[in-house]
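Taken straight from TrEMBL:
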REPEAT    16-104  repeat 'Solcar'
REPEAT    112-194  repeat 'Solcar'
REPEAT    203-292  repeat 'Solcar'
């Protein structure tokens with residue numbers, strides 16, 4: 001990781017550095033999203049299986065095949081526009097705020113221990129999601145095969161459910177993003193330090209690849225249940241009839257009661273199949289972009 005002198009120099013160099021810092025983060029997440037979006041569509045479909053029921057679940061491969069057969073290849077890219085828009089803004093903030101938060105903590109308390117890193121990651125992820133939640137709502141609605149298109153879906157949500165519906169599920173979304181960002185970035189951070197200390201690896205592709213794979217695995221295990229609850233709440237239609245789920249706790253209770261505890265990991269393999277590669281691509285691309293921009297490694 002960067003030395004304190006390096007960080008002092010970087011964060012005192014004004015707007016151009018900050019723009020590069022946030023744009024490399026957002027660009028890396030957008031690239032990763034473009035590659036893994038079909039898996040995100042499959043994950044959302046899996047998470048909405050047997051709503052409120054118990055029974056055998058359709059697997060990832062069969063769901064993938066059904067989408068291709070019924071909707072064509074385009075079905076795998078439903079919601080791509082809001083996904084890319086969100087990933088650029090969300091990724092730039094989520095990854096971009098982590099290092100400044102660590103730096104400020106170092107200035108204030110003289111430490112960047114693992115608890116400070118976890119808090120920095122959680123804050124960065126939660127704030128980024130709070131600001132970009134409407135794009136996430138639109139993305140998951142379109143991924144369930146809305147035929148209205150982006151503008152039609154926006155109009156329908158606002159006219160039928162109200163403007164606040166664009167922030168539906170923001171609580172679990174912030175929880176998920178905080179947990180994901182903390183687990184990914186802290187694991188990546190700590191893995192790099194451990195590998196640099198205990199192996200012959202040096203800063204470069206192989207170090208970044210191994211560290212990002214570990215980060216993706218930990219991130220999936222931590223966030224899969226919260227991600228499933230977030231999806232259920234975001235796809236819940238408002239407001240004239242009774243709602244199935246009143247809040248995230250009620251949602252979790254109802255899912256476990258009616259579908260079993262294992263339902264919290266519905267779509268779990270698809271989540272890993274998406275988050276694993278997405279995490280790896282994100283960190284590899286971000287490190288490369290930072291190097292091209294003349295910046296220090298993460």
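We count from 1, first residue shown onward.
Every residue gets a Cβ built from N, Cα and C, even glycine.
Look at the repeat 'Solcar' (112-194): DSSP puts its residues at 73 helix, 0 strand, 10 coil. Residue counts for the repeat 'Solcar' (203-292) by DSSP state, with H, G and I taken as helix and E and B as strand, are 73 helix, 0 strand, 17 coil. Residue counts for the repeat 'Solcar' (16-104) under DSSP, helix first, then strand, then coil, are 73 helix, 0 strand, 16 coil.
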